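Written below as structure tokens is the structure these notes are about.
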Amino acid sequence: MRLRRVTEARLPTLWGNFLIVGFEENFTGHNHIALIYGNITGSDPVLTRIHSECLTGDALFSSRCDCGFQLKTALHCITEEKRGILIYHRQEGRNIGLLNKIRAYALQDNGADTVEANQCLGFAPDERDFTICADILKLLRVKKIRILTNNPKKVEILNKSCINITERVPLIVGRNPENSRYLDTKASKLGHLFYSYHK
């Protein structure tokens, strides 16, 4: 296992009381967290959101993406479900880092789309490693989930990592004039899906 469970505490939020669990990667020291709501033990699939870090969307309420909207909606859905997990996957800017994400924004301001901007900076369209999230689920002893995502790459990688996904639950929120091109590019170039998936 590439990471370990380090610490946990109660985390009261606008949506209810979660348990926040901190994880640390063994070789890099990078940290990730999971927010757990309710009882996630048992054989029923657990509603799960893997949310990649987005400082601009999550904390600064940027309209350039749908990340902040997705974060709030996911927390609401999990509490409505009475049980669930949100993994906060700390790979900012599809894992190119915050400063490179700002550089990518500047390229987008000059006409590039989100994929072209990454490539202009020498990165793949998506540099994230979702196997870390599979390891977190295994440390939480969760093997069967319903995943809140529009991203088929997450489904594919988690399935390959022996996480049983029984349903893909779309999370389609936050479209606005500032991010409509970004969302269209995610669909056309990154393969994001906007319909539900049942196994």
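Note: Cβ is positioned from N, Cα and C throughout, glycine not excepted.
E53 (GTP binding site) falls outside any helix or strand according to DSSP and counts as coil. The GTP binding site annotation in Swiss-Prot covers R49, I50, H51, S52, E53, Q70, E92, G93, R94, T114, T149, K154 and rests on sequence analysis.
There are 22 other Cβ atoms within 10 Å of the Cβ belonging to C65 (Zn(2+) binding site). According to Swiss-Prot, the feature Zn(2+) binding site maps to C54, C65, C67, an assignment based on sequence analysis.
In sequence order, R94, N95, N118, K153, L190 are the residues near D126 (active site, proton acceptor), counting only same-chain partners six or more apart with C-beta under 8 A. Look at Swiss-Prot and you will find D126 tagged as active site, proton acceptor, backed by sequence analysis.
Around the Cβ of R128 (active site, nucleophile), a 10 Å sphere holds 22 further Cβ atoms from the protein chains shown. In the three-state DSSP reading, R128 (active site, nucleophile) counts as coil. Positions annotated as active site, nucleophile by Swiss-Prot: R128.
Across the fold, the C-alpha of E53 (GTP binding site) and the C-alpha of C65 (Zn(2+) binding site) stand 12 Å from each other. Of the binding-site residues R49, H51, R94, R49 has the largest number of other Cβ atoms within 10 Å of its own Cβ. Comparing C54 (Zn(2+) binding site) with E92 (GTP binding site), their Cα atoms are 6 Å apart once rounded. In this structure the C-alpha atoms belonging to C65 (Zn(2+) binding site) and E92 (GTP binding site) are separated by 13 Å. Ranking the binding-site residues R49, H51, C67, E92, T149 by Cα distance from R128 (active site, nucleophile) puts E92 first. Around the Cβ of E92 (GTP binding site), 19 further Cβ atoms fall within 10 Å across all displayed protein chains.
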